[in-house]
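**Q** Quick one: the structure is below, questions incoming.
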Amino acid sequence: MPHQSRRRSSTAIVTVRRLSAQHVNPEMSELTLLKEEPHTGDHFLSPAQLEVVYRSNINTGLTENVAKELLEHYGPNQLKELRGNSYWKIFRHNLFGWFQCVLWCGAILNFIGFFFSEQIDSGNDSSGHSGKEYLYLGCVITATIVGTGLFGFYQEAKNMAVMSGFEKMVPPNATVIRDGVRKIIPNTDLVIGDIVEMAGGQIIPADVRILSCNNFKTDMSSLTGESEQIKHRVECTNANPLESKNMVFFGCPVTEGTAKGIVIATGELTQMGKIAGLVTGLEKEETPIAKEITHFIKLICGVAFTFGFIFFLMVYFIQHSWLSALQYMLGIILANVPEGLIVTLTVCMTLSANQLKRKKCLAKTLQAVETLGSTSCICSDKTGTLTENQMNVSHLFCNYTIYDKTDHAHVSDHAYAALSLAASLNLKATFSNETLDLPIEKQKIIGDASESAILRYMEINRSATKTREENPKEAEIPFSSAYKYQVTIHKLQATQSYYLIMKGAPEIVLEFCTKILTNEEDQPMTPEAKKELKANFIKLANMGERVIGYCDYHLPLMNYPIGYTFDTQQRNFPLENLRFLGAISMIDPPRRDIEKSITLCRQAGIRVIMVTGDHPVTALAISRKCGTITQPTAYDYAFEHHIDLSDVPSHLKQQFRAAVITGDELRKMSVNDLKIAQQKYEEITFARTSPQQKLMIVETYQSLHHVVAVTGDGVNDSPALKKADIGIAMGITGTEVSKQAADMILLDDNFASIVLGIQEGRRIFDNLKKTIAYTLTSNTPEMLPFVLYACFGMPLPMTLILILVINVGTDLLPAMSLAYETSEDDIMSIPPRKPTDHLVNRILIFMAYFQIGLIQFFAGMYAYFIVFAKSGFFPSSLIFVRKEWESSSTAVKDTLGRLWFYADRKRVERRAQTAYFVAVCWTQISDVIICKTRRISILQKGMKNQVLNLSIIVDLIAALTVTYLPLCHEVFGTEAIAWNDFLLATPFFVLMIVADEFRRFLIRRSFSKWVEQETYY
């Protein structure tokens, strides 16, 4: 059976090698192959079987000839490098994205309009404006595209560093045995079947099956995500090769000891290589904001070209001139193209990216900011994200009592004194000399996570370092996974005698004890006492804590005098009749305020799912402490009834609304099964998961229309980080590979920063809606004057040059100022937006064009008619007068019968156009005020946005400048108007604010659901 498994695995491996050798991006079938769990049976095979399978010899290794053949067949031992976006790709995206392409079309149309204007009437066309206006507008749009493109490129390039993450995990050389000779070769020359030697301080050069080892430990966190070091052995310990302790994998550092093994996979065939292949081959989904911008562009283009085409037909049938009709169509289209919106979008997202950076979230792309706000599901790693990534003592057990580490009621206990002495002495961990000046909590410790936690706690409570110096170690039996205990013998200064301490798994330590220390005296270890002790150990274990038991023996001075030579091989000292002292339990504790952050996510309708490589019991305990699981699970039922999980009745399992799903269970589940589980359980924690399973979890949630955020810090997380809608890597503990695959980096590794980022992302989406609503509103008063001009033969109320002044002048700063608006009070109390809740929807278009926009148009026309009426031209005298009006050789009679020559009436026209422009500016100021909030009252929101307040002042100054500065008269074709004419739009200004305040009032009232449904954009 193992040989059959080996052959199947070899076939898959050769397939992957051949595909990778062709240097092509993986197709779907290749990705499917890479996503599969490892099927190798090498961890089951005996050394003799391994020799047969790999044509090797465990003593003499491969021959050089065989090694050369294998190298030619399988290729060098190197990985496909993961690369981020190139600078050219970022630049191209910022200069030729969808929105930019629309604006490029707008610029080209303007240049075409300039050409036709020059052709129509050689300097005095009948359209009411000269061709230079088209030229100006085309140049401004071009400058806008290039300027914002360079700015966006600068922002993204600044946050993007293409890191050769996988390359740094490859050791330069490897020690192999070939032809019976030990030699050092370049790591790239390593082949399957090579016998390699590994030692502390090195990096595992390939996937290796261990043949022999001596106290060999590795850091597997890059693959498992868990920081605890793994102590390896020769025997198979788990059916899953990733968890079997006789397997080590490419790229993992060796922390201690030595080992010899046989190479079973190299390069892209290694587990790390498969991860690299997944990360390289996975396609990133388009971001939600990119989808929204595409949707907006299609919508706005549809509106612009529809109106433009209709207008073209109208003008052609009225004037019978296709050149004039084409020119008017261009005017309508250009009036609908929001030239300044690209600047506003870029600035809004840049501001939010900077805000996030101050909150310790570094967005690598500007679009990642809004994606975080759209998140509906967070798949979070446990270690270092939800927890502190540092083991701490949590409880102490002595005198038949479990004490919290902060409970000092036990300090005077005789049993506690003995336990703390034993725990302080039986330690290998030491404080680093580099950080001795720092507080104990911040000092660096050299040693494994469990011993570091005990040393730190004991140093604070009884000065463990001093205790160890006063009572030196004389002998030691190191911890071994075979017997699961460690023994040290110390010379006690106080009694000048020897003191034996044993620590290890509490159920193992108990078997060596015949007594137990209580407050008063030593008591016999009865079956009842053992049962009670084990019940307490299970209680601590079910809290997700790692428990270490302690026992001791004071060696009689008569039998073990000072100077006695202890032999740990022959064990010339007793290891029976020991006295049980107690136990210490440790846990990687949840981060401060993590439960509050999870609660905020739940209130915001966001599912938080823990995905960890840790044990399911530990995962469940941390999930409960963090708040990701609050309801009963099948594990809880099994704990309460003291039964195995498999013995929980199936009908009861169906009733639970929360679950812990392990990697073993995931292997038996189809994608459809996982979908059903994700829909059935309200709260889920995934434990003992592999990189491929994390990817499967993310893809399944995405298939259920969730916007998925994934957090991670290890290489094992990189496929899921790449596939997620937004991947979030850890800035402190994260590997370079994970940072490279992610879209955002948490600079403080704190989950709470994600919650702040979600709030900021939602705020930016809200503010973008407000910005677009504000920007689109002026399209109506810019477009309808052309309709009046063409259809009713009226003097043109609004020129293209004044449209340009509004779109990229007076509107720009107020639009950008909306990005500074604070979030509304209920922003984290509403569910994530649905994919159908577009940035620009039907209601927003209707509100912008046909409600607020029409009010602005009426305000402009009111000012336009008033100014004309003051000069004697009543509205009725302006209809169908265009032909005579535009003729320089004809005098036009006003309503009062007076004749107006060309220059005089053109001056009146410019005053009317200026009044129209000023009225639009006034109503745009009221528009930006009502756009500050979408639901709550403007009185409640207030005018605290100082940037917006400043923009209103600048807007007014700009309107005054264009109206009254003589230089502007020449440039923009305006004319000074009376001061009372400058205020003609005041009634409309007030109307807009009052009407919209009343609309929001109705939205907030439960009896006005129709108003909310039809007007809440």
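Cβ coordinates come from backbone N, Cα and C, glycine included.
Not my notes, these are from TrEMBL:
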type: DOMAIN; residues: 41-115; note: domain 'Cation-transporting P-type ATPase N-terminal'
type: TRANSMEM; residues: 95-114; note: transmembrane segment
type: TRANSMEM; residues: 134-154; note: transmembrane segment
type: TRANSMEM; residues: 299-319; note: transmembrane segment
type: TRANSMEM; residues: 325-351; note: transmembrane segment
type: TRANSMEM; residues: 786-808; note: transmembrane segment
type: TRANSMEM; residues: 843-867; note: transmembrane segment
type: TRANSMEM; residues: 947-965; note: transmembrane segment
type: TRANSMEM; residues: 977-995; note: transmembrane segment
**Q** Could you tell me what the rest of the chain brings near the transmembrane segment (843-867), counting residues at least six beyond its ends with Cβ under 8 Å?
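**A** Distal contacts: 299, 303, 769, 772-773, 776-781, 784-785, 797-798, 874-875, 878, 908, 911-913, 915-920, 922-924, 927, 930, 977, 981, 984-985, 988-989, 991-992, 996, 1014-1017.
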**Q** Which residues of the chain, 6 or more past the ends of the transmembrane segment (299-319), have a CB below 8 A from one of its CBs?
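**A** That would be 102, 325-326, 328-330, 332-333, 336-338, 776, 783, 786-787, 790-791, 840, 845, 849.
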**Q** I need to check the long-range neighbours of the transmembrane segment (947-965): which residues 6 or more away from its ends have a CB within less than 8 Å of a CB in the stretch?
**A** 805, 809-810, 813-814, 816-818, 820-821, 914, 917-918, 921-922, 924-925, 928-929, 932, 972, 974, 976-977, 982
**Q** Please work out the mean pLDDT for the residues of the domain 'Cation-transporting P-type ATPase N-terminal' (41-115).
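**A** Taking every residue in the domain 'Cation-transporting P-type ATPase N-terminal' (41-115) and averaging pLDDT yields 80.
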**Q** I'd like the per-state residue tally for the domain 'Cation-transporting P-type ATPase N-terminal' (41-115) from DSSP, helix first, then strand, then coil.
**A** 47 helix, 1 strand, 27 coil
